[in-house]
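Per TrEMBL, the features are:
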type	residues	note
COMPBIAS	547-558	compositional bias 'Basic residues'
COMPBIAS	569-584	compositional bias 'Gly residues'
COMPBIAS	585-594	compositional bias 'Basic residues'
DOMAIN	34-205	domain 'Helicase ATP-binding'
REGION	535-594	region 'Disordered'
MOTIF	2-30	motif 'Q motif'
Ligand code: AMP
């Protein structure tokens with residue numbers, strides 16, 4: 001008897017499992033499959049993506065469903081289209097020997113009529129995102145009034161994404177006597193509330209506390225000045241030439257901006273966040289899977305469905321609000337038995353959060369220094385040497401060799417090597433030989449933050465700022481105020497005393513917004529131009545525009561000829577109403593877990 005047989009699974013599933021090459025059940029499967037097969041019960045399971053949880057609910061559901069009947073009997077709700085498709089594909093593989101069983105995916109961004117057609121043909125299991133599901137119920141395109149089983153997958157994430165009302169509506173269209181199986185990586189209050197409200201005495205299981213791959217992940221942190229985050233990110237990428245990474249930002253806008261800057265600076269980067277169209281997301285994910293995109297800059301929500309095994313580094317460009325989210329992020333690397341590194345870029349004041357994470361994940365972080373320019377040059381040189389050594393010779397070159405030899409005639413081996421290396425290396429050297437040390441000591445003042453650094457920000461009262469746009473750029477005080485309000489996603493009253501001059505302007509905010517405003521306008525570009533905001537040294541702000549030093553062109557400059565550019569749709573810094581900035585409107589306040 002195989003270990004899967006011992007769990008109570010029937011032959012069609014066992015045959016599929018054998019085809020898939022699964023040797024033994026994972027922990028979540030071992031714990032939930034016997035319960036779900038033997039008992040008609042609700043279940044709450046704490047388990048992360050990558051632990052095999054799709055099979056944990058999928059196997060029992062497939063076995064229990066009557067495939068002879070065309071009625072929809074199982075509903076699985078999942079937060080994103082990516083996950084929805086992933087689950088559907090997995091279930092199709094698992095049920096390949098179950099005759100007549102149809103699994104249909106319904107999700108936004110694709111033809112609703114085509115999905116309705118598939119449902120009409122008979123779908124015993126429907127896998128859906130909440131928004132599209134609700135839409136289809138409203139249009140009578142799907143009937144879930146007779147389901148026996150309902151799975152809420154990644155429940156915490158669905159609630160994070162604001163699907164509570166949709167889930168409530170959807171569940172109100174299902175029968176009382178169904179069984180609900182809830183899977184969640186974390187158990188915040190909101191999920192506990194759902195479990196209490198919609199479930200009856202659920203059996204609870206927990207699988208580990210950390211992602212399965214966690215012990216293969218090394219955690220590192222780097223302390224830099226708040227304004228050096230991006231420069232630090234570039235150095236980390238340059239110091240790891242073979243990097244294949246997910247870079248996490250907190251907001252969609254930061255995600256877009258960081259990805260755009262990386263692309264402009266010649267990195268193979270792409271953005272993944274919820275403001276992109278489905279088509280754009282598919283494009284970037286395909287390129288990432290093919291490793292054409294080496295740095296995938298993503299929001300937490302968009303990255304949830306990523307199922308790529310070879311990620312070498314996770315880079316926390318900014319730390320998340322909740323420690324659980326950090327666990328999710330670092331779990332994107334160190335998968336499938338491989339090792340991985342999770343790097344965190346923090347400012348001096350954020351280092352206490354590192355301690356809190358260490359306590360929670362029971363693993364120590366290694367404090368590391370951002371490599372200096374010369375270290376990076378050295379790494380790049382050796383990388384190039386190895387690349388040359390490992391390159392397979394292209395025999396097509398043979399016929400051109402005599403001519404090439406003619407050109408290089410008289411140059412000895414040593415000089416030739418120097419020249420070859422200089423072709424690639426000089427650009428790096430020229431850039432890095434002029435750069436500063438980015439490391440901030442944990443105890444001392446943050447380095448490199450200059451004017452407007454945290455120490456200069458008043459902690460109360462109002463703060464006056466200089467901004468390098470004015471009437472010459474078409475602004476009057478009202479339109480500049482609108483621009484600031486939209487860009488910062490704050491209330492109108494938060495920005496006041498806007499005073500436009502010819503080529504620059506001034507405005508005020510409450511002190512508590514100062515750090516956020518300065519951070520937002522760090523390396524901020526509008527229509528290709530840097531917008532510079534600094535704290536005005538003159539309290540009245542009236543006289544002279546000297547308050548702001550002019551930014552001279554782009555920092556860091558072009559690096560190498562990047563080729564994969566997936567900028568996504570909206571350019572960062574547009575005037576349009578960006579979401580996801582300062583969480584004043586709509587955004588629910590986090591309770592602060594650190
Ligand atoms: P999940 O957590 O459901 O997203 O599963 C992660 C991956 O693990 C999927 O590619 C599954 O096909 C695979 N998987 C699930 N169960 C097992 C198992 N028992 N043994 C090996 N691989 C598995």
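Backbone N, Cα and C define each Cβ position, glycine as well.
Across the domain 'Helicase ATP-binding' (34-205), mean pLDDT in this model comes to 93. Residues 37-38, 45, 47, 51-53, 55-56, 59, 62-63, 93-98, 205, 207-208, 212 of the same chain sit 6 or more residues outside the motif 'Q motif' (2-30) yet have a Cβ under 8 Å from a Cβ within it. Note on the motif 'Q motif' (2-30): DSSP counts are 18 helix, 0 strand, 11 coil.
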